[in-house]
Structures are given as C-alpha cells and as structure tokens.
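What follows is a single structure, written as structure tokens, with notes after it.
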Amino acid sequence: MESLHFSSSFLCTSPLTTASPLTKTPSKIRIRVSIRSSVTPDPWSLSDGNPDRPKPKSKHPKNPLSDDNARRIIKSKAQYLSALRRNQGPHAQTPKWIKRTPEQMVRYLQDDRNGHLYGRHVVAAIKRVRALSEKAEGEYDMRTVMSSFVGKLSFREMCVVLKEQKGWRQVRDLFSWMKLQLSYRPSVIVYTIVVRTYGQIGKIKLAEQTFLEMLEAGCEPDEVACGTMLCTYARWGRDKAMLAFYSAVQQRGILLSVAVYNFMLSSLQKKSLHQKVVQVWRQMVGEGVVPNKFTYTVVITSLVKQGLIEEALKSFEESKNGGFVPEEATYSLLISLSTKNGDYDQALALYEDMRSRRIVPSNYTCASLLTLYYKKEDYSKALSLFSEMEKKKIAADEVIYGLLIRVYGKLGLYEEARTTFKEMEQLGLLSDEKTYLAMAQVNLNAGNYDKALEVIELMKSRNNIWLSRFAYIVLLQCYVMKEDLSSAEVTFQALSKTGLPDAGSCNDMLNLYIRLNLMEKAKDFIAQIRRDRVDFDEELCRTVMSVYCKEGMIRDTEQVIEELGTSRLFKDSRFIQTISRAMCEHKEDQQLEGKLVTFFQPDSVALGLVLSLYLANGNMSKTEKVVALLLETSGGLSTASQLIRNIIREGDAYKAEIRINQLLKLGCRVDNATISSLISLYGKKRKLKKAQEIFTAFADSPLAKKLLCNSMLDAYAKCGKSEETYFLYKQLTEEGHDLDAVAISIVVNALTHSGKHKEAENVIRQSLEHRLELDTVAYNTFIKAMLEAGRLHFASSVYENMLSEGVTPSIQTYNTMISVYGRGRKLDRAVEMFNTAHSLGLSVDEKAYMNLISYYGKAGKRHEASMLFAKMREGIKPGMVSYNMMMNVYATGGLYQEAEELFEAMKQDGWSPDSFTYLSLIRAYTESLKYSEAKEIINSMQQNGVYPSCSHFNLILSAFAKMGLIGEAERIYEELLAAGLNPDVACYGTMLRGYMDYGHVEEGIKFFEQISESIKDDRFILSAAVHFYKSVGKEVQADSVLHSMSSMGISFLENLEVGSKLKSPPVLQN
C-alpha cells in the first residue's frame, strides 16, 4: 500500500515551545541558516518526506540563529552523524534535519533526545504498549499498564505512541485509554491513525465504526481521513463500498490525493472493473488531480481493455510529456491493441519509441510484433525480430514458436518449420491446440497430408482433449487432400455436430466429390447444405454453379439464385449478379431484375458457366444469346475456350468436340490452344484418326497449321508412329514453316525411341545448320539422343554448339555430358563436367552424383567414388538406388568392410535393404572369399522378409565353382531347390562350368540329363554336354546333342576342355 500523503503541523517531530528569555537574538542581525538532511521516513509516518516540496510561508517567522549557535549545532550534528555511520553502517537511518529556534534547541537538548525522533518517556511508552502484543486478549489492563504515564504525555505524544503500535488490539486499547486522559481532545488525526491501523489488517468493520465515532464526536473528516478509509476498502477489494464512500466524499467537495486515486484505480482493475476505472479516472482529471506514473500505467491498461485506443494513446502521450518513462507492459498493451485494430503504423511507431528508450521488449510484445509482421506478410522482418530476440536472450514461448512455424510455412521453409516444431517438443512447450494445427497446416501447404495427420494424432494422444471446431476443419482438409472419402465424410459429420458447417469446409467436400467423379454424391451434398441453410461464400457458390451448369440442371441453378437473392453476397458478387442477369433475361423475372446492380463489365467466367448449362441441355436458341453476350464481353472468347479446355482436362474428348462444333455453328471458333489440347488428348487416347480429322479441319491457314503442328507431331509420337512424325516434319519444313524447339524435340524423341538414330541425327544436324532458335531442353534432347545412338563425338559437338550459341546448360545437360564422357572412357572430362556444374552454383542433384560415382566404379576408382559419395551425403540424403549403386562399387572390388558400413548407414537413414542390396553384399563377400558370411546373408534375408532369388544363390555357386569346391557348390544348389526356386540358365551354366573345369565328368553328365528337359537352346550347356559324352566315349549321346544343336541353328563350342583347371582343391576360407 502506498503511503497516504498529507501535511499537518501536528506531525512535526520536534516539540514547539515559546521563546526563552535566556537566548535573545539581536533584532538587527538576521542570519538565515538552512540545515537539510535526507532522512528515510518510517513507514508509519503520514508525512510525504519530500524535501523538494516547498514549505508554506509562516505568518510569524522564527528568529534566526546566531552565528555561534549555528556553528555549534552544525558541528555537533556532523560529529554525531559521523559516529552514527561508523557504528551502524552505510544503511543507518539518520534523523531529519529541520530548522529550530534557539528556544526549541534548548528544549531539544533538555529532553536528551540526542538525535532520536522522540523523547525518552515517549519511547518508553511505545515499548511498554508494544510489549503487550505478547499477551493474549484479557491478560492485561491498559489503565494499569499506562498508570505511570498518566499526566506525563501530551495529546500529541499520545498520538505518537498510538501511531507506533503494530498490533490492532494495542491500538484499540490504547485509544480507549487516551480518551480517559485530561489532555485528550477529539481530533481527526487520532481517528485517522486508528482507522489506518484497522484498515491495514482488514478489520473493516472496526474501521467503519471508528469513522462513524469520529463523525459523532464532531470531527469533520479531511482528505487524509477519507483517503485512509478509501484505501482500506481498496486494499481488501470492497469495490461497492469504496465507490459508495467515494460518492459521499465527492458530495462533501473533499479533494483526494493522487495516492488515494491510485489505490482505488488499482483495486478496481484487479477485479477487471475497467469501465469503473475509466469513470474514476475521468472524475480525477476533472477535479484537477495531477496523475503520476503509476496512475497512467493503471489507466492506460484499463483503457486498452475497454478498447478505447484513442484515449489510451492520448493518456500515453500525456504521461511522456509529463516526464514519465512508460513501462514495458504499457508499450506491450498498446502495440497489441494497435495490431488487433489493424493500425500497423501506430504499432511500429510505438515499438520504435520503445527501442529508442532502450526498453527491452517482453516475449508478449514480441508475439504481438510477430503477429503484425505475419498479417502484413513482412516475413523477413519477422525472422529478423526472432534473431534479435535470440541476441537479447528473450525467451520464446509457445505463441512465438507457433508464429514462427506459420512464417516458415508462408515462406515455403517447410523443413525449418518441422525443425522448430521438434524443438518445441523437446523443450516441452507443446500444450496449445493452435500450435499443433499450425504445424498441420504447414504440412498441408507442403502437400504432405500424411505428416499433417501425424501431427493431429500426436495432439490427440498427448493432450487427451476433444477436438475443437477448427481442428475438425483442418482434419477435413487433410482427408480431402488425401482423397480419403470415408474419413472425410466422418469428419464432416463430426464438424456438423459442432454447429452449422462453414462454407470453406463445404467447398472442400464438394471439390472432393468432383475430383472423384462422384457427381451424384456432389448433387446430394449440395441439396443437403441448401436444406441446412449454410451461408454460401463466393467460392462455394462458384463450385455449386459449376456442378449444376455442367450437369445441365437449369431449375436447380435458378433456385440457388433465388435463395441467394436476399443475401448480402448477391449484392456484392459480380459473379452471381452476372448469372442472375443472364438467366433472368431469359426468364423475364421482373422481381429479380429489380435486385440486380449494373456492373461495368459482366463476369466472363459466370457467362461461360451459363453457356455450358445451355449447351448441356441442347437449347441452341438460349445458347446463341449467351454466346452473343459472351463475345461482347472482354475475354469472352477466352472464357468459351477455357470452358472447352476444362472438358478436355477431364478427359472427355468426344464431349469437347461436340461443344466445339456447337460453338462453331453459332459463329464462335475457339482458340488454337484449345484445338491443340483436343488433338493432344486424342493422341493420348491413341485415337490417331480423330486427331488427324481435327488437325485437317482446323489447320486451314498457315498460322493455324504452325500452331497446331506441335500437337499433331506429339499425337503421332504418342501413338508410336515415328515414320508419320518424320513425314509431317519434312512436310512442314518443305512448306517453309519454322518449327520451334518443342516441335524439334518431339520429332527427335520419337525417332530415338523407335531406334531411328540416323533420321534423328539428320534432324539435329539440319536444326543446327539452319541455326534454329533452340532452348536448353532441345539441346538436352539432342545430346541424350546421340548418347543413346552411341554417337558420343557428335554429342560432344552438340554441347559445344550449345555453349557457342549462348544457351545456358542445366544440371540435366551436365548430367548427360557426364554419361557421354563416362561411356567414352573420358573420365577426366566427366569429372570436369561435374565440377563445372558445381562451380556455376547449380543445384547438383543426387542423379548427377551417382552418375559420376558409377563411372568411377566402372573405372576401378573406388576410393574416388567413396569420397564423392561421402561429399554427397553432406547435403543430400541418398535414396535406396544410390545406396545400392555405391554398395555395388564396393562389392565389385571385394571391399566387404566398406560394404558392411554402408549397409548399416543405409538402415540408420531409414531405408530397408532390398534384394539388390543383399545381392551387392553377397558379391562383396564372395569377391573377398568370405563364403560363410555370404551364406549367412542368405539366411538373414529370409529373416528380414526379403526372399532370395537365383541371382543371390548363383553368386555363391559361381564362387565355389571357380575355386573347384564342387561339393560346396552342390550343397548350395540343393539349398536353392529347397527354397522353392526354379534354377535359371545362369545357375545351370555355373554348375556345368564347375564340372567342366575340374573334370567331374560323371557328375556333369548326370546334372545335364536332369536339366535337359528345361534347357533347349543354350549354346554353352549343350556344347559342355557334348564334350562330357565324348570324354567317356558316349558318341551316340554326343551325336544326338549335336544333331539337336544343328537343327536349332546353334553352333558348337569346340574350344571347351574338360578338366582345364584340374588341380588340388583349395582350402575353404571364412
């Protein structure tokens, strides 16, 4: 509680006496000595203790001190204070220096106060009464306790003793004793002391009784007494009693101090009675009371809470003009309110003023500013503010992190948003549903509905809360994007239980039905939301109109327009007004016509929908009128063409062709881009004849032919008609048409895919010779075509031509050139291409890295391949294919340890090894003669759910066969059969190669006879069988096999030799 401030002659700490005859001062000599000291007033003092406040001029000025007396007093005081500081430390409380007459100084010294505030008998009385606080109620009699002080204490001294008491019982009993003394006289001061004591401990009833007693005693309450009573009510939250008492005080015309008003305003604000705060504030200002800093702080807060922004800002400026430095909380409230009201300039001005005063903003202020920047879409400043918060070590709360996630989402920094969300999760800041939903919406914007659903499931599992309406809306958006119809319908039903569905959610559901081509459900859904009287917005209205117009539902369209006729949307939407006017004109509805607002330009999209409505119904008379109206509209032809393109985009070429012909009969020819789209659609559907018919019908001018040729070339290419593609190309060039880069690329791709590399090369050479304007994609197509044709030198020359023409290569260009030089065994040039792409700042993708790595592996430079793969992993997370390629590089060199490490790294990155991964790992073990580990991989594959193929077994078979370990090879072969696999030709050949090289003739013949029914035309297996039969003298069987080979046109391998590697078998290595 702030001290109540008022002045009274009674409160002077030294006694006032008459002048003594012993100390006369010459009247002619007037020496004015001003002695001051800063004294910390005790908390019970009613004095304001303000040394700067001027004292009132006295009508009877006191006699000044003589020089001797002045010097003596000053010197003694200095000595006393010096000793006091030495004995009591730097925080000692020193008495207040005041001006006294010589007579007062004599009395002061006689009292032996020696610097104390009160005389010895007063101090003894204070201690005597204070000691009673240790006794219970009724254990003492105040008259007996104070008997020794009867007649010794003046009324003023009794008030001092009363004021210095701590306990309310001692105050009550001492006050009762005082009233029995002869020196007692009723005074507002003594009653004020008692009221204040009762008020400080919450004895409001006793305080009220004392105040009434004061009135009954004839004491007129002054501003201090009334202020004390008001502060009592304010301290204990008795706002009704306080306001009633305040009204009585106003009626008496008593002017209260600013401290009392502060108490009242603060009490009312704590109980959120902001309207009452504003009322009291205005009354205070009207009475001329000068507010202080605390007053402004409280009042501005309540003005903000009441939404009185102008008055709050006015009070804010007054406080600054008064020399007060506003608190951070005041700035924060004003910035927040300005942001909510959309006054961004005012909010930023407040923030700049705050920074100029070096006031560090709180996290609440930062949250308001981040909200401001988010609404203004000034995301760079939002991120700068967050960086500034980190520098100033301002702790970010959940609200700030949530805003930061939204900012990252708007900037497309989805990974940063997810990282921030994970950081919040680690810090334990995830508690508000809004934060989860913000992260879910960011994932939706990134097109990752699975992660959005994961966030919502995390919210439901951790908070165990019921989903809010907004949560259902976001969840519905997830299912709509996922095209999960059943879940979306369940979520929409749950949303409907929270209230009438919003237009946005209805639009999402309707679009889902349209995307899934569930038009009957879409129509039923529209009927349902119309029955429920959902408030349509323009987007929902557009979607509904598109469904009705597409389905030819004229009556339903008219009903929707009539239902919207009374809504505000009808008056504000040019789209709905245009449909209404177009349909009202034919219906002659005068009532609806009167509601229409004349627009300068009708909505062409709306007219296009009305056109599709009448076209679907086959009403050509109304269609003709709408077409005429559409063609008068700016962009009308484009709208009609767009209408046809929408049908083409849906894949209905037949319907699109009908609409084109209908419009053509009405004199409306759609643009060439629409015709081109239709030709492309027929080509995609492999209806080449229809595409040719459309091309012939509309390519009736050189310009139209040039614009439609790309689509026709593409149609030929999609239908696999490379010869027709090449023929049309030659026809167009002979007619003098300059084909663009797209057309040339289509022709080259078509010829390359059909293996007509010579013709493709001719097209490329002709394009380069005629210096056609080619783009990067066309050059990439040329280089890739020549790469596939094996024309590596010409591919290099195309690249050089590209650079000389100033066409900028893309990462695809460099990637293809790496393949060109790599296949041509010019590894240095391939590395040069890679480094060039990197030095130009191009985003080198995973494909480029792995392309070069594969050529490093083929060249046997496994160390370089490993270094490049490690460099790639610094910025790119390798995919499964990349891991398998690198694993194969290690495997071909027998680097099984490196392969094992890469295998573990792949699993740590979240990739599950597939069949190719295990194949490379088995190869690594077999190349390094680790046969037992290779066999263990076969077993571990099955345990991990990956079933081995013949290729996996064949690697081990081949290793054993090459080493002459035929018994081991046979055992592996048996395991292959036991695994339920049918051996392929490679496995048969491997087994026979082992039998052949190491002279196992009988086993070889037996094996051949077992598989002879499965093998018909393999040259090696049949030749090996002939050699086996001849080596044991079975000429008949050998001739039979030779005859079979001859009949099948298979030549015999004469250079095979039985037992060519016959030697002692090696030892099996682990």
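Every residue gets a Cβ built from N, Cα and C, even glycine.
Caution: TrEMBL annotation is automatic and unverified by curators.
According to TrEMBL, the protein has these features:
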DOMAIN    309-412  domain 'PROP1-like PPR'
REGION    39-69  region 'Disordered'
REPEAT    187-221  repeat 'PPR'
REPEAT    257-291  repeat 'PPR'
REPEAT    292-326  repeat 'PPR'
REPEAT    327-361  repeat 'PPR'
REPEAT    362-396  repeat 'PPR'
REPEAT    397-431  repeat 'PPR'
REPEAT    705-739  repeat 'PPR'
REPEAT    775-809  repeat 'PPR'
REPEAT    810-844  repeat 'PPR'
REPEAT    879-913  repeat 'PPR'
REPEAT    914-948  repeat 'PPR'
REPEAT    949-983  repeat 'PPR'
Contacting positions for the repeat 'PPR' (257-291) when only residues 6+ beyond its ends and CB under 8 Å are counted: 1-6, 223, 226-227, 230-231, 233-235, 237, 239, 242-243, 246, 250, 298-299, 301-303, 305-306, 308, 319, 322
Spatial neighbours of the repeat 'PPR' (362-396) far in sequence, C-beta under 8 Å, 6+ residues away: 328-329, 331-332, 335-336, 339, 342, 344, 347-348, 351, 354, 403-404, 406-407, 410-411
Stretch-averaged pLDDT - the repeat 'PPR' (705-739): 85
Helix, strand and coil counts within the repeat 'PPR' (362-396) (DSSP): 27 helix, 0 strand, 8 coil
Within the domain 'PROP1-like PPR' (309-412), residues counted as helix, strand or coil by DSSP: 79 helix, 0 strand, 25 coil
Chain residues in Cβ proximity to the repeat 'PPR' (810-844) (below 8 Å; excluding those fewer than six residues from its ends, i.e. six or more beyond): 776, 779-780, 783-784, 786-787, 792-793, 795-796, 799, 802, 851-852, 854-856, 858-859, 861
Chain residues in Cβ proximity to the repeat 'PPR' (327-361) (below 8 Å; excluding those fewer than six residues from its ends, i.e. six or more beyond): 296-297, 300-301, 304, 307, 309, 312-313, 316, 368-369, 371-372, 375-376, 392, 394
Residue counts (helix, strand, coil, in that order) that DSSP gives for the repeat 'PPR' (914-948): 26 helix, 0 strand, 9 coil
Per-state residue totals over the repeat 'PPR' (775-809) - DSSP helix, strand, coil: 26 helix, 0 strand, 9 coil
